[in-house]
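The next block holds one structure in the form of structure tokens; read it before the comments.
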There are 2 protein chains.
Amino acid sequence: MTAKGIKRISSPAEMTRYVVEQKQEGKTVGYVPTMGSLHEGHLSLFKKARENSDCVIASVFVNPTQFGERDDYINYPKNIERDAGLAESAGVDALFIPEESAIYPNGSDITVKVHSKTDVLCGKSRPGHFDGVATVLIKLFNIVKPDTAYFGMKDAQQVAIVTSLVRSFHFPVKLVACPIVREADGLAKSSRNVRLSVEERKEAPELFKGLQAGLRGAKLGETRFDQLIATVKAYYAKHLTLGKIDYVDVLNYPDLRRSGTLLSGRFIIACAVRYQNARLIDNITSDTELFTTVSEADESC
Amino acid sequence: MTAKGIKRISSPAEMTRYVVEQKQEGKTVGYVPTMGSLHEGHLSLFKKARENSDCVIASVFVNPTQFGERDDYINYPKNIERDAGLAESAGVDALFIPEESAIYPNGSDITVKVHSKTDVLCGKSRPGHFDGVATVLIKLFNIVKPDTAYFGMKDAQQVAIVTSLVRSFHFPVKLVACPIVREADGLAKSSRNVRLSVEERKEAPELFKGLQAGLRGAKLGETRFDQLIATVKAYYAKHLTLGKIDYVDVLNYPDLRRSGTLLSGRFIIACAVRYQNARLIDNITSDTELFTTVSEADESC
């Protein structure tokens, strides 16, 4: 697949010039930051940006500072031709593909530290990950200057932290959190799903069903965090034979804390499950319609 | 002194609206961030901004996160009426005077860490100070969105670190570093000078003379960092009887390191000296004309 129509920009200064030109023409700018390896989750963000904005910019930048291990960074899959084709087909106008040295011209001389919302869910096992995310997003927001930026709820913790980042640092950007895109059987789309064995793939939709069981419990009146976690874990104990639970948690959202022992306000039920060659994550928020069909969810973002 | 003409804004959202309006009218925006207690050093920045920009914004915000001790923060002098009058007289159009809770709406949930240029000069004795400076400047730059921001070379280390901040985080702002404003006898202007006793005040101009002695040594061909430091220290040993040297250092500027043992490129000679009730700092950079008269230096920014 080749993408001849999409504009490709590698220089931060050129990226900024392009955006400024667009804005001078009165256009609104929507932005989707990615690390490439695009899948339908990303495409849903591009499409949402396309619906809402006059100009859609996506970036493909594998950010070294959000990886714990240098090896994971080096081995992170890259296929820019495929990504450019997918981005173009989803209506992206310009693809920002900077080098590491362009984004980190002084290395990591100044970094961002996230002190809140990081010691739960995936953050607990990825120390420093969200520091790297916050650091690179300040840079990218300053270069791309979007009116609106789109993030997927697949990484709900990231959405929560980026929400704090924008508020704490007064970034003039509106965030749009897009719902998780799922396969027909409910499995959240992920580039890691291809690493599942045939048997694991058959089992994986149970992750979402377990979260739904938890949400159903809450909608039926259960208000104890611990009890809701137990409901999801009990479901997994019964339905997962290959996957090992990394965590199941229920937290208020987006503050990612528990206000006392009882649910109140918006909350999230989230899980991570390890298979042989893939660790899958999934979540559901309390404002999700429980009986929304998967196809409707697919279309909603 | 009252300042009726100057616009006062306390809300970040209103500040941003004001700036956006100015820019929509095609105006350029110059910005001087301050912590109030304005003196002629600040006024020189306002005047420089006035010369270069269509719209001049100053902020008065005593930033809690750059103080080591909460007491120093609480006791930091505040006189907003006086500051507003001085700012107006120096041509400032709008004064941004936000509350702490407006700048830190989520407290210190996300902060900035400066890893470079901090373990020398004043940074050595003020751990975390420049982290606070960098944190608040990202916020203020995002709110005020200046085309150009003005900083005084009195705090040369701050200028060096803000230069890194702007480059590392790709802030779309041009920095202008303005020369130190001095009294007729060469003493760098500072709100702390009033805390000097009559005898100390008489001695204090020796600080600048010692730095000039160092620079003269370099201009005469001395290229060893250590030897230049020794020259300044020898001058102080001879001419300071009341002040105690905190540090004298010679470093490349703005990277604040030493490239080997010999001078090359731009450098700074800096000192801090303690008197009874005031710690004074001063510096001179290698591009300073050695025999510039004080009055010329005064006018240059």
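Every residue gets a Cβ built from N, Cα and C, even glycine.
Listed features, source TrEMBL:
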BINDING   B:35-42, B:152-155, B:Val181, B:189-192  ATP binding site
ACT_SITE  B:His42  active site, proton donor
BINDING   B:Gln66, B:Gln158  (R)-pantoate binding site
BINDING   B:Gln66  beta-alanine binding site
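Candidate recorded positions: B:His42, B:Gln66, B:Gln158. Nearest to B:Val181 (ATP binding site) by Cα distance: B:His42. With B:Ser191 (ATP binding site) as the anchor, the candidate recorded positions are B:His42, B:Gln66, B:Gln158, and the one with the nearest CA is B:His42. B:Leu38 (ATP binding site) sits 18 Å from B:Gln158 ((R)-pantoate binding site), counting Cα to Cα. A 10 Å cutoff on Cβ-Cβ distances gives B:Val181 (ATP binding site) a total of 24 other Cβ atoms nearby, all chains included. For B:Met35 (ATP binding site) paired with B:Gln66 ((R)-pantoate binding site), the C-alpha to C-alpha distance reads 11 Å. Ranking the binding-site residues B:Gln66, B:Ser191 by how many other Cβ atoms lie within 10 angstroms of each Cβ puts B:Ser191 at the bottom. Each residue contributes its Cα atom, and for the residue listed as 'active site, proton donor' and B:Met153 (ATP binding site) those atoms are 11 Å apart. Long-range Cβ contacts of B:Gln158 ((R)-pantoate binding site) within its own chain (separation 6+, distance under 8 Å): B:Phe130, B:Val133, B:Phe151. Non-local neighbourhood of B:Met153 (ATP binding site): B:Val159, B:Ala177, B:Cys178, B:Pro179, B:Ile180, B:Asn283, B:Thr285, each in the same chain, at least six residues away, with C-beta under 8 Å from its C-beta.
The two recorded residues, B:Gly41 (ATP binding site) and B:Gln66 ((R)-pantoate binding site), show a Cα separation of 20 Å. B:Met35 (ATP binding site): 20 other CB atoms within 10 A of its CB, across all protein chains.
Secondary structure at B:Ser191 (ATP binding site), as computed by DSSP, is helix.
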